[in-house]
Every structure is written in C-alpha cells, then in structure tokens.
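Going by Swiss-Prot, these are the annotated features:
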BINDING   33, 34, 35, 36, 37, 38, 39, 40  ATP binding site
DOMAIN    1-233  domain 'ABC transporter'
C-alpha cells in the first residue's frame, strides 16, 4: 500500500509529540488512548488546521504547501465538536460539501445509508445531537468519496461514533469499509477498544502526547500496552471467534 501521509517528529507545545508515523492508502488507522492523550490535537495537525514542530508530507508534498482549496479536494476532516454554522436545509448543507453537485443520487444514497432520508428537508438547527452528527458524517463522505471525487485520498475523523446508536455505528462501519476498499486512507480516533480490535487495520496507542505503540491492531492492543496507557489491567479473550478486551479489577 502506498504512503499517503508521512509524519516526522511532529510536536505541538506540551500536548503532542514528538512522534512519527505513516498513513497508507486503503487502510483504516485508529488513534486510541485515554482522554488527554493527544488524539484530537494530532488529527487537527494532520488535517492542516494547526501548525507546530516537525514535518508532515501529504501525497509527497509538505502539508503547509497545500492551499485550503486544494486540500479540501484531497482530504476531508470531521472535528470532534461543531454546531451548525447557520440554519439551512440538510440537503443544502450536504450539497455544499459535494465537488460534483449534480450527483444527487449519490447524496440520496449516503443519506439513506445513515438513515437521514426523512431529515433532508429539515433545518440543521432543528436536529438532535445524533442527527447532526450523522449529517456531518454524510457531508465529509460526500466531500471525499472516490465515486464523485477521484482526487480524494484521506479521511480524518475525530470520534465519529459519538452520539450514534449501535445500528448507526454499524452503518458507518460499512461506509468506511467501502471507502477503504476504494483506496481511501482513513484515520479516526476511538474510545472503544473492542471496535478498534475488530475494525482497524492498524492502531496508534497514545498517552500524554506520546506514542506508546504502533502497528497492527493485535500487536498494539495487548494487555501490557493497555495497562501502561490506562493504568489498569486488561485481559484479551476469544469469544465465538472474536477477540475481545475486558478490564479486570
């Protein structure tokens, strides 16, 4: 798999790093670790929203060399918290994120996959927290999907499962898996270790802005590594063919 993004000694104040790593096309990479580990800070830096020490190469070019317009064509970023910028119909908000605004069937398909069919005519300021989260997710998918944007390469998601129920999480997993199979690189933060153990290809385990471990999910999410990160004991079980992590008291 080709390298989409290369990080070298990336650091930001006292909150992050220095850390190094790479993001590959066609993979799902999870950032895991306790609150305050630096996951959101790292994602914002990878998205080009902040600057600091170290270097980031995106598609072979320094990240800071990308214009905002060009960057929006090649990467999409979902921040952890955002309120509706102003009131508008959901369908209009989603259309604003499409590079090809004639692809109404694609908009309907993505909205349907996230159970937003009956929300398209509603105003963004009349949505519940979970509905708004799904609208935001649909927007970044429409922005970056190779189906309508051949230049799309990278999707960055900060705790995308927030406010989603089990069925909605499963729907999002299917969408992300399909994007990954189309060659997109996906980086997302998560607090659900078992979700990471099941769905991530690789993981970076962070604590206090430092990377404790990186590699394949099975190699990173080990009881010793997790005990170091969270200060508590874990066991890894095999249940009906699925690996599962549990904490022990």
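In case you wondered, yes, glycine gets a Cβ from its N, Cα and C as well.
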Under a criterion of Cβ-Cβ distance under 8 Å and sequence separation of at least 6, what residues of the same chain contact residue 40 (ATP binding site)?
79, 80, 158, 159, 189
Excluding 33, 34, 35, 36, 37, 38, 39, 40, which residues of the same chain place their Cβ within 8 Å of the centroid of the Cβ atoms of the recorded ATP site?
189, 206, 207
